[in-house]
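Working notes, beginning with the structure itself.
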Amino acid sequence: MQRSPLEKASVISKLFFSWTIPILKKGYRQRLELSDIYQISSADSADNLSEKLEREWDRELASKKNPKLINALQRCFFWRFTFYGILLYLGEVTKAIQPLLLGRIIASYDPDNKMERSIAIYLGIGLCLLFIMRTLLLHPAIFGLHHIGMQMRIALFSLIYKKTLKLSSRVLDKISIGQLVSLLSNNLNKFDEGLALAHFVWIAPLQVMLLMGLLWELLQASAFCGLAFLIVLALLQAGLGRMMMKYRDQRAGKINERLVITSEMIENIQSVKAYCWEEAMEKMIENLRQTELRLTRKAAYVRYVNSSAFFFSGFFVVFLSVLPYALIKGIILRKIFTTISFCIVLRMAVTRQFPWAVQTWYDSLGAINKIQEFLQKQEHKTLEYNLTTTEVVMENVTAFWEEGVGELFENAKQNNNSGNISSGDNRLFFSNFAILSTPVLRGINFKVERGQLLAVAGSTGAGKTSLLMMIMGELEPSEGKIKHSGRISFCSQFSWIMPGTIKENIIFGVSYDEYRYRSVIKACQLEEDISKFAEKDNIVLGEGGITLSGGQRARISLARAVYKDADLYLLDSPFGYLDVLTEKEIFERCVCKLMANKTRILVTSKMEHLKKADKILILHEGSSYFYGTFSELLNLRPDFSSKLMGYDSFDQFSAERRNSILTETLRRFSFEGDAAGPWNEPKKQSFKQTGEFGEKRKSSVLNPINAIKRFSIVQKTPLQMNGIEEDSEESSERRLSLVPDSEQGETILPRSNLINTGPTFQGRRRQSVLNLMTHSSVNQGQIVHRSTAASTRKMSLAPQENFTEMDIYSRRLSQDNGLEISEEINEEDLKECLFDDLESIPAVTTWNTYLRYITVHKNLIFVLIWCLVIFLAEVAASLVAFWLIEKTRPQDKGNSTRSTNNTSPVIITSTSAFYMFYIYVGVADSLLALGFLRGLPLVHTLITVSKILHQKMLHSVLHAPMSTLNTLKAGAILNRFSKDIAILDDLLPLTIFDFIQLVLIVIGAVVVVSILKPYIFLAAVPVIIAFVILRAYFLQTSQQLKQLESEGRSPIFTHLVTSLKGLWTLRAFGRQPYFETLFHKALNLHTATWFLYLSTLRWFQMRIEMIFVVFFVAVTFISILTTGEGEGTVGIILTLAMNIMSTLQWAVNSSIDVDSLMRSVSRVFKFIDMPAEESKYTKSVKPYKDGQLSKVMILENQHVKKDDIWPSGGQITVKDLTAKYIDGGNAILENISFSISPGQRVGLLGRTGSGKSTLLSALLRLLNTEGEIQVDGVSWESVTVQQWRRAFGVIPQKVFIFSGTFRKNLDPYGQWNDQEIWKVADEVGLRSVIEQFPGNLDFVLVDGGFVLSHGHKQLMCLARSVLSKAKILLLDEPSAHLDPITYQIIRRALKQAFADCTVILCEHRIEAMLECQRFLVIEENKVRQYDSMQKLLSEKSLFQQAISPSDRLKLFPQRSSSKHRSRAQITALKEEAEEEVQDTRL
């Protein structure tokens, strides 16, 4: 970054913002880079500001029982805030004085006051000086207030982040990541620009008092008629605002539903394509879009009427103020024009500035209270341990994650007994809820000597991770004592990678030791991986290590823990993502050898690890099931083995018995969504997280329309969808609605829905920060949105008369009432959705984009012509007013000759009053009617254009090849459907209309003034040209600065999420200060771009004002010096001149807004223009013998349910297959060739990242491929993509459950009747799972099916494959994270339903591979071996290395003799089961 010219700028340069000219020049000539941005001053640095506020907040905490954050802010910023408020007030006072001078100028042309004609020139000079004074007062004041708001935001950002790192885990379990992002983005954005409006809470009343005093002098009591009308108008607009909110509320639920489905589609686009669900998803989303658009139109119409009412009210304000006075006493022209000018200022103060100011204070104080509450939450306390011992001792330790759970349980029990539960299985309710009534750990006793290895095992939710958290001090014991040496190193169950190099991630701030580092790298099997990178271990990893495989991330996390020299190492399931061979090598070389002299506590689920551990602790439901050695385990706990053995007899049970066992076993996991498998904390479940049963669950999702729009979400909950009534409460955070035409809803993006364990529980579920840290969150069906990109400038809803820049700014800000971010957000994708990648879209929207947009709908051009025709009609109506003046001039002369010395010349007399009244009202009504006719068709048509563009973009994304989609972030795609479509729906129609109307008003006014004084036209032309040139000059730089600001905003939030995910690791390593420094750097980077944007914007606005002042000086003196008799002409010219330039100033700003919004259209067009998948693959369809291909075409078009001729056997032949993820990328698979016979089962073997899953994707034509694949002799080039994929059944690695009913999830095309679906559900053991929910097949699943365990979801995928009647089945890690019983269910179903099918299986479990006849071994992207298991075991191979000799002797009987099959499976289960303890008692 460069040094800022502001440091050496003169006072004049600072006053006129001339120091920004260098960056404006550079931005106009070339594309700006981050290096071009100026450095911030020390006063704006996050370090200084946070230190200053933190000092005052600590002082507030120490001195008072009830500390107030606003007091700390006041001590930091009050005097500067007050100073700029006074400047702002003085600038506003000049607006009230201007009409006085205007009246005096008009009065100087009074025929009876010829003596005053000589002072007109001086009055003109005074009027011009007032404009200059206003410019010099307002702009520094606005900029200063923006600057203070920015500093407040930075200081609070830092304070919140520091507090986040200190929060206790119990508090973090109650806070969602969305709440934290809301504090940082939504609440704090209110300070950034809203601070400039805060002073109007006292300025506006003073302004009204001053204006009413001046109007009283002119019109006496009649002036209050106009004020009363303005108050009524404000109330009317508030009513219209509430009506609009009603439509917004209704519409928000539909937007939510659409975006939930859309996000699920995008996140699982590979599964959608694999299942051939493109048409079903498109139809589903478009149906929701239709309903949404009906409500969008209604809201847009009300909003249009609202803003139009404000604009056209100008006629009636003046009319009602003047009429009573005129009827009683008559009125002169001077008073009319002066009244018009006063009423314009008065109307702005009453209907805009004061409501906005109250709203700003209401929002700001609410935000401060939220932040204050957050800053007072309980902090993490490091427990005081006995530092003299080198052992770990726990004595009768009991702990709860949630305090007061017993009371919560009793309340739930009372609710249940009182009959609040409408229907359903009560046993289900209590079997789930009983988990919460017990402590997470209870009566734990163990002792580990120095250098020993303690293996901790147990079923899911047994409390294994909680045990480690207890040792780390994250969980405080309720009873008992803990002792250990205190120096801890920790490896999380889910790998955490910070942005930086591999080396930085491993060293993690510890002093570098070359020998130790190399030893750790070798022991953690990272040498080979690092050697593949060109930069070796200096390769920079993205946030979360997204460029690495899961296994690589896990090994880096383990290496970080091992590298630190500690007394105690806590390893929480570090081998979860490793293949069998790698896991075996790391356990032996790293855990057993390298760390042999260290005390280690290892959470594991492997029998081999238990054998080699010095001590074993088995937990079951929070209690110690066993503590001792492995030999003692076999002797003292024989039931531990018998339970495993019992699983082998599972197939012998009846179907009802199997379903009962399955339901009872999985029921324990169903509460935590995907918490089955290795996720360890289902005790910290939704009941506890909600805090209380009746709490209304908040919205999830970061608003995609960053700082543009707010929507209120009111959506049917799943209970309501399923026919169960729910008590709805008004949200406690409803906003005070004072600004009638602002969008005061909540957010537009989806809400996760109710927990649905049946009809028995009406509590709410949300993802807490603790769940983010433990990854026990639902990672499907959630949305971010997304985007905290740079604010698009705010839009006007209606043209304004005689607006100052402050009025314009205020109006713009009203459309940005703050980004109301809801309580939740999808943590998994937050990093992707905070900003869009820097896209190849020009800084200024091209004319081609405008042309394409106009031609999207054939009627749009005609509507634009219609607007022009209406405009001409309005001009004609305006001529009536001038005719009126002309008609009254003779009467004026007559009246003046008949008048006495005490009577002024009048326009309206008692004899002509009613005649003039009817003409005036007629003109006003005509303009009102014409205005409505002009705008509504345009708004209606532009919303239709948005509908068409959404349809085209949705179709394009669904049918785009994966190679194209792989180059895009999910968040970037989702932003197109959320942020950009919302802009097209809401902002763009009214903003385009606004711009067109403003331009036409300016043209019309210039024409009228030029007709009255042709010389003024000569002055207007160069001024308009200057405006256009200035706009083009500024726009190039401003758009680039906003783009850089957007990029600078992203690291702030990604750093927050990164820190939260690794918070336990940060604390264990003591790296909080380092991460605070990184956060401050991110803040400073964003501050530099935002401050420069504010400065250049102020430069632009000030230059507009300066041009306006020059023009007004010219108009004033031309009109004064060239006008003879006729006060009316001078009044019209000066009044219109003031109106022209303020309107033209706003028109220029509006054009910038339109250009900014049209960038959303450019991005939508970019997605519409993506290549289609079919065109990429389709070649001429070759005829096939016996008409087989034509029957395939029937399958494609009609989704026939009967068995089709192709494929009939399932034979697969692959020749020279090469696959790439993206065009031009590296080959993931090279020259793969093999063949599979019909009905054969083939297992894929290979290390993590070798390309097994990639091969399955290539078979489905999801990648860029070369070579040939044939199924039953039919080449993939001779059939369509859809036909090809329907030949395969798929169980993907990432399970896809979209928001919808069970029926829709199993059969989205509606091909099968209920009888057939229930039959398949019986086959796969899914019936009892579905029957426990109300509505059965019609029960609505939400949030990626969070009420289902991972096992349930795998069964859903299995049922889909059975329904597909496919002859080829592809399975990608189907047993991942499954408990033994569900695993046995899936094995049995696969044997029965797919007995005659060809199966390709990618699996890490050795037992699962035993069903395969042949194995395909993939190494280094190529096929190394393709043989039977016996052949592979007899040769040196990867498969042989993974199996020990003793295991081989046990496995062979399974293949050679059916009599010994049972015993072999028992042995395999003993060795490989991931859950050692399962309670299957019914």
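Note that Cβ sites are derived from N, Cα and C of the backbone, with glycine treated the same way.
What you see is a predicted model, and the numbers here were worked out from it, not measured in a lab.
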I'd like to know whether R153 shares a side of the membrane with Q1384 - going by the topological domains in Swiss-Prot.
yes
Looking at N416, N901, which residue has the N-linked glycosylation site feature per Swiss-Prot?
N901
Among N420, N895, which is the one flagged in Swiss-Prot as N-linked glycosylation site?
N895
Within the same chain, where does the transmembrane segment (1097-1117) have neighbours whose Cβ lies under 8 angstroms from its own Cβ atoms, ignoring anything closer than 6 residues to its ends? I mean 6 or more beyond.
16-18, 20-21, 24, 121, 124, 127-128, 131-132, 135, 139, 142-143, 805, 809, 1009, 1016, 1019-1020, 1023, 1026-1027, 1030, 1034, 1038, 1133-1134, 1137-1138, 1141-1142, 1144-1145, 1148-1149
State, in range form, which of 340-358, 1015-1035, 1132-1152 has the highest count of Cβ pairs under 8 Å to the transmembrane segment (196-216).
340-358
When only pairs 6 or more apart in sequence are counted, do the transmembrane segment (223-243) and the transmembrane segment (1015-1035) reach 3 or more Cβ pairs under 8 Å?
no
Leading contact stretch, 299-319, 340-358, 1015-1035, 1132-1152 vs the transmembrane segment (78-98) - CB distance under 8 Å
340-358
Does the transmembrane segment (299-319) come close to the transmembrane segment (340-358), meaning at least 3 CB pairs under 8 Å for residues 6 or more apart?
yes
Including all protein chains displayed, how many Cβ atoms other than that of W401 (ATP 1 binding site) lie within 10 Å of its Cβ?
24
